Amino acid sequence: MKMTGWKKKLCRGHHLWALGCYMLLAVVALRLSLRLKCDVDSLDLESRDFQSQRCRDVLYKNLKLPAKRSINCSGITRGDQEAVVQALLDNLEVKKKRLPFTDTYYLNITRDCEQFKAQRKFIQFPLSKEELDFPIAYSMVVHEKIENFERLLRAVYAPQNIYCVHVDVKSPETFKEAVKAIISCFPNVFMASKLVPVVYASWSRVQADLNCMEDLLQSSVPWKYLLNTCGTDFPIKTNAEMVLALKMLNGKNSMESEIPSEYKKNRWKYRYEVTDRLYLTSKMKDPPPDNLPMFTGNAYFVASRAFVQHVLENPKSQRLIEWVKDTYSPDEHLWATLQRAPWMPGSVPYHPKYHISDMTAIARLVKWQGHEGDVSMGAPYAPCSGIHQRAICIYGAGDLHWILQNHHLLANKFDPRVDDNVLQCLEEYLRHKAIYGTEL
């Protein structure tokens, strides 16, 4: 097996990491030699020679994530209305709905990590040198629905990347144990060293990401960009596509950052206090520090390593962080404001020409109920084919064609209890594209 070059690069760092890494690679090498009978170096997605094609065929056979037979995912991803209607009708038949995997299921299957990774079809080696040379970091904040977490991890997983998982302190103990069991099977996935109770719309959501930022910067993995996720996210690009998109940013960040409406300005006009939920007080806040104009966006970011370092280390950034702690939903204006701060690496100027909407940024694709409508009449997107939660679309199969036409790296929201067909088709699409480099 000719894995020497990328093996050395992947396994450098702390000796315990290296030991575990080499053991993992040894298992991969053995499996490839015995089962696939082809060399990792031949898995070049740009090569058209027979050997590479044969390897991809065998690899796909072993790692394919097919949707159930009654669903035509190829048609759904192309927007074929007959295929979409069939999937939506199928989703309405309660008797066909599979119950999600439980905490106990994962606690049992992860007793044998190799069996778990093989049965759940995780990709356990880099698919290209370009991906190997451009590791990505993830901050994954979760609190419930263990299967959602495991499927998200599987979809974004690559052995050269690094993943920090923050679990809400308030989550049930069995959920926490199941998360620990899953991540214990991977040397590059770890639990955040500091866990906090996450309260909706409060500072704690930001603190969870900050805790992961600190841990990720201490990792020996030389990651280039950080992406943050929640339990209802799912990627709509392969790891290779993400690497290409991040390289094109050329050190810039990508996140929503716009002028706030008068309604949103109220989020930082008065102080909020937190108990089991957020409470508005009558105490007015001082203006933002350093005469910094405030901008608004969302909780999601695509941030360069240098940006993350300045979030944690720059005194001006720290002053803004302290100031937003008692505001409403600070994650929706902290990152957006730092993205316009002149001292932040990869930021953009205050000027209105640099305003960035959620549709322009690549961080997250979201359908807001208030913006849905007739595209021919100027609406940004068609109505949701799933259901709405807090005015956000939980996607259905009818949304997938539109989703895949966009440039974003991830989309929100998905919930297999609402529509598992759209997730199954997205999984099948991404796995096929990751291995073959082409669509279904």
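Glycine is treated like the rest: Cβ placed from N, Cα and C.
Annotation source Swiss-Prot lists topological domain 'Cytoplasmic' at 1-12, citing sequence analysis.
The transmembrane segment annotation in Swiss-Prot covers 13-30, and the record cites sequence analysis as its basis.
In the predicted model, residues of the topological domain 'Lumenal' (31-440) average a pLDDT of 95. The topological domain 'Lumenal' annotation in Swiss-Prot covers 31-440 and is backed by sequence analysis.
Marked as N-linked glycosylation site by Swiss-Prot on the basis of sequence analysis: Asn72 (among others). Cβ neighbours within 10 Å of Asn72 (N-linked glycosylation site), excluding its own Cβ and spanning all shown chains: 18.
Under the heading disulfide bond, Swiss-Prot lists Cys73-Cys230 (among others). All chains included, 24 other C-beta atoms sit within 10 angstroms of the C-beta of Cys73 (disulfide bond).
Among the features that Swiss-Prot reports, N-linked glycosylation site is placed at Asn108 (among others). Reduced to three states, the DSSP call for Asn108 (N-linked glycosylation site) is helix.
Per Swiss-Prot, the feature disulfide bond maps to Cys164-Cys384 (among others). The 10 Å shell around the Cβ of Cys384 (disulfide bond) contains 19 further Cβ atoms across the protein chains shown.
Annotation source Swiss-Prot lists disulfide bond at Cys185-Cys212 (among others). Long-range Cβ neighbours of Cys212 (disulfide bond) (same chain, at least 6 residues apart, Cβ-Cβ under 8 Å): Ser139, Met140, Val141, Cys164, Val165, His166, Ala192, Asn228.
Marked as disulfide bond by Swiss-Prot on the basis of experimental evidence: Cys393-Cys425 (among others). With a cut-off of 8 Å between CB atoms and residues at least 6 apart in sequence, the same chain places Ala67, Ile71, Cys73, Ile76, Thr77, Ala87, Ala397, Leu400 near Cys425 (disulfide bond), listed in sequence order. In three-state terms derived from DSSP, Cys425 (disulfide bond) belongs to a helical segment.
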Original post:
Between the recorded positions Asn72, Asn108, Cys230, Cys384, Cys393, which lies closest to Cys185 (disulfide bond), Cα to Cα?
Top reply: Asn108
Subject >> Cα distance (Å, whole number) from Cys393 (disulfide bond) to Cys384 (disulfide bond) >> reply: 6
Subject >> Secondary structure of Asn72 (N-linked glycosylation site) (DSSP, helix/strand/coil) >> reply: coil
Subject >> Asn72 (N-linked glycosylation site) versus Asn108 (N-linked glycosylation site) - Cα distance in angstrom >> reply: 32
**OP:** List the residues of the same chain that sit at least 6 positions away from Cys393 (disulfide bond) in sequence and have their Cβ under 8 Å from its Cβ, in sequence order, or write 'none'.
**Re:** Val366, Lys367, Trp368, Gln369, Glu372, Cys384, Gly386, Ile387, Asp399, Lys413
